[in-house]
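Trainee: For reference, the structure I am asking about is given below.
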Amino acid sequence: MMTALSSISQGALLTSLSVESMNKYAKLVGQTITPTYKSFLGASAAMGGMLGSATTVFYQKRLGTIVSTRILSMCVVFFLVLTIIPVHLVFLVFCRALTSTTIASQFMLMPKFINDNTIMKYKTLVQTVFSINLNVGIVVGYLLNLTPYWASTNCFILSSNILTFISTFFIKLKASEKTNVQIADKDLEAAQPTAEQKVEYTVQEIIQQVAVKFPIWRLVIVTITLSAAQLTTGINSILAYASQILASSFPNNSSLGAIVIGVVKIIATISAMPIINRLRRKILLAIGLYGCVVSNFILIFAFKYDISWLQITVVIMFIIFYQIGPGPIVLMLWGEIFPQNFGPKLTSLAFTVNWVVNISVTLVFPLYPQVWTAYCVYFIFTGFFGTVALILLPETFQRTAEEIEKQYIPKINHRTDKA
């Protein structure tokens, strides 16, 4: 329940500040939405998300996932109360960034929590449901934006975080986080030769020792490129500016485009569940990423020549590919590929890069002279980052943490003689 509510909150936050919501708030405070305000309001959630992802690692290990989630839930409630009060557009940017900081931190804890505390048999199912709930939150955000009340979506997120706080008191961990850290520390200590031992290495073993450190850099590169590939697809520009992008497809009611996108995301995620349980992660990721690349290429021409039927068709195709690969698979991988000793830091890096790219996408999108020029950028960067990530990524499907780690960390046998 805790992970479900967290993902719903994150999804609702992504769509809580649509163009329509911005106009409602601007009307309440007597201001006009300029392109600059629109850019900063659109990117405010990403700015906060970046900060939240970068700082979570500093307190999560000390406090644990449950205590961290409780504190973050109450912070979200406080910041949302401030957000609901109409003051000024700059105040809204500030409050939204703070809200996103805490929600992103909370959301970042979930993939690893699911991976560590779910039975292997049900892990993929729970991870997929987590992704579905993220999309449910997105649709709820779209629907609440149709109401005449500015505070509708924020009140929904506020309520879900109160429930998240309550749900933390009913969770029993599979193993205490403190014990896991102690075990990891002991294993690391046991792996080091003692001062009383004389260690001699052959040239081959020295090379292997260097190779042990290199895979961590390999994982860092995978983390950065995979995070960048997920967001350079342009998914968040579609979510944030759906009504603007599909205005020509729905001239009578532009909000319908946003609802269609949200519903398609849920249907695509549910439909992808049987596939996710049968195919390897890298295969699904390749299908999804390159499907998004092809979709972006077609969208260049669909928007350049204003072909409305092609726009909506390819956007739906794009979302289907995204929900097969980059959407659910990247979240699963972040909970699976990181070794115990480096897990928190690499997870923090993954989400931070994710939000940095998110800022770039949502901040710059309104400034493109034409929509089709944005898809030229998405086409190039998704293809590049996706290819690099797929080359270096280890396979994780139906494999234990030890089996995954063996793919990129070679086994080293020390030859020791007692002094």
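Cβ coordinates are placed from backbone N, Cα and C, and glycine is handled just like the others.
All TrEMBL annotations are machine predictions without curation.
Annotations for this protein, taken from TrEMBL, read as follows:
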DOMAIN    1-401  domain 'Major facilitator superfamily (MFS) profile'
TRANSMEM  42-59  transmembrane segment
TRANSMEM  71-91  transmembrane segment
TRANSMEM  126-144  transmembrane segment
TRANSMEM  150-171  transmembrane segment
TRANSMEM  216-242  transmembrane segment
TRANSMEM  254-276  transmembrane segment
TRANSMEM  283-303  transmembrane segment
TRANSMEM  309-334  transmembrane segment
TRANSMEM  346-366  transmembrane segment
TRANSMEM  372-393  transmembrane segment
Trainee: Can you tell me which of 71-91, 216-242, 372-393 gets the most C-beta pairs within less than 8 Å of the transmembrane segment (150-171)?
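Mentor: By the under-8 Å Cβ criterion, the transmembrane segment (150-171) pairs most with 71-91.
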Trainee: Taking contact to mean 3 or more CB pairs closer than 8 A (sequence separation of 6 or more), are the transmembrane segment (254-276) and the transmembrane segment (309-334) in contact?
Mentor: yes
Trainee: For the transmembrane segment (283-303) and the transmembrane segment (71-91), does the number of C-beta pairs under 8 Å, pairs 6 or more apart in sequence, reach 3 or more?
Mentor: no
Trainee: Using a cut-off of under 8 Å between C-beta atoms, tell me which stretch among 126-144, 216-242, 372-393 contacts the transmembrane segment (309-334) the most.
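Mentor: Between the candidates 126-144, 216-242, 372-393, the best contact partner of the transmembrane segment (309-334) is 216-242.
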Trainee: Determine which recorded stretch among 71-91, 126-144, 216-242 has the most C-beta pairs below 8 angstroms with the transmembrane segment (372-393).
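Mentor: Top-ranked stretch among 71-91, 126-144, 216-242: 216-242.
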Trainee: Averaged over the domain 'Major facilitator superfamily (MFS) profile' (1-401), what pLDDT does the predicted model reach?
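Mentor: Summing pLDDT over the domain 'Major facilitator superfamily (MFS) profile' (1-401) and dividing by its length gives 75.
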Trainee: Which residues of the chain, 6 or more past the ends of the transmembrane segment (71-91), have a CB below 8 A from one of its CBs?
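Mentor: Here the qualifying positions are 9, 25-26, 28-29, 31, 33, 37, 41, 63, 98-99, 102-103, 105-106, 150-151, 154-155, 157-158, 161-162, 164-165, 168.
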